[in-house]
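To start, the structure itself, in structure tokens.
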């Protein structure tokens, strides 16, 4: 199960301190220190700046961090030059339970895969995947829907420009943002529900893009509002400068061009943020000095290889298992239902792990390298989670940072109880999980919503009664068993709704 976690090229790893505690993180690299390039080889270092610029860089960071967040907590939500956390030191220090389970799942996976091949033959056909996105090769409704999202991006940019010069008031700006962000959620869902030409997979992809854009524009709104608060507090005029930091080579060092508000309100700046692998907006993102072509090609090869592997496993392994599970569900044969669910758990979990590596390591590092984006902390050692809350805080760092920065801390600042704030985060997460599943399938069953909300009592139980490897085992069992249940529920309901009712 963790074999794919060790597939990172040794040249991409950099020395890091061995974590003896689960919650240790890598500190941000000082601006003036010689540091390893994020996800780079051991021989590639970020060039150092002159020592007299350290004070200036630190002051620039303080100016553009949220003024409502304590300084000690800002480093957890701000983008910083950081190394990726999928390193050999993290994997080899995993719990014995994880390594034992990984070996067991690996043996079972190989056995079941060859059994499926002997029984059903070779079912892998990459060409069939195209039909999941397109019903008509000359009609691409999901792609057109994604292109329309540029309207919402421009609306956010021009709203901020009017706010920066005082043409409109903060109240009017808040109202315009409310309309823009609300429409950003309901327009694509209404389009997917209305158009019959959009396939479920194409609709889900379009809704994922709109959901990510919603979170990005919400962060864009907050950060620019914090900048206006700083400007009004200091009561001084800031000169307009170029956006998107550029690098000028001077004696081998990368010279960072600082951006001040409202100089960031340009098309280039907002589109850099839209495509950057982060959900939290900043005026000055950490940047790497150059694009490493060998690193980029390795990540591209991994992306192509693992996407094909996922397609093959789904077609060869999951589809026959799901098809054979329909009759036990119709007959309400509980013993066979449990047997099918457990049989589906192994391929589902293996594909989920491959998807994690493909998306959070290969794809996001590819985009980050292509855009010279310096913050590569996309995940932490979630496989060592001893509590449910630790898993949800570390398996998806971009979403965690967004929730912490724009949702959790604002609620806490208003005096909301910590437990209530955490419950609210799970509630919002449950809404988006259901939104991304039910709308493309055009049916509302709330299985994803209830699955996310069930994490609250599970988190309480694991945190209160289980410790160490027992807590880690509970987290893994919930992952291995929980997802197949939701998959079977939705597939069964979709099958009954579209095939049984028509026959």
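Heads up, the Cβ atoms here are built off N, Cα and C, so glycines get one too.
The number of other CB atoms found within 10 A of the CB of residue 433 (active site), across every protein chain shown, is 18. Look at TrEMBL and you will find 433 tagged as active site.
Per TrEMBL, compositional bias 'Polar residues' is recorded for 32-52.
Under the heading compositional bias 'Basic and acidic residues', TrEMBL lists 56-76.
Positions annotated as region 'Disordered' by TrEMBL: 21-76.
The transmembrane segment annotation in TrEMBL covers 140-159 (among others). Cβ atoms under 8 Å from those of the transmembrane segment (140-159) belong to residues 133-134, 168, 173, 176-177, 180, 183-184, 188, 191-192, 195, 197-199, 202-203, 205-206, 209-210, 213, 217, 220-221, 265, 267, 270-271, 274 of the same chain, restricted to positions at least 6 beyond its ends.
Taken from TrEMBL, the feature transmembrane segment covers 171-192 (among others).
Non-local neighbours of the transmembrane segment (198-218) in the same chain are 131-135, 141-142, 145-146, 149, 152-153, 156, 177, 180-181, 184-185, 188-189, 191-192, 273-274, 279, 281, 399, 402, 406, 432, 435-437, 439-442; each lies 6+ residues outside the stretch with a CB under 8 Å from one of its CB atoms. For 198-218 (among others), the entry in TrEMBL reads transmembrane segment.
The transmembrane segment annotation in TrEMBL covers 300-319 (among others).
Taken from TrEMBL, the feature transmembrane segment applies to 350-368 (among others).
Look at TrEMBL and you will find 419-438 (among others) tagged as transmembrane segment.
The feature transmembrane segment is assigned by TrEMBL to 444-466 (among others).
Taken from TrEMBL, the feature transmembrane segment covers 473-491 (among others).
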What parts of the chain pack near the transmembrane segment (444-466), using Cβ distances under 8 Å and only residues at least 6 beyond its ends?
-> 386-389, 392, 423, 426-427, 429-431, 433-434, 436-438, 474-475, 478, 482, 485-486, 489-490, 493
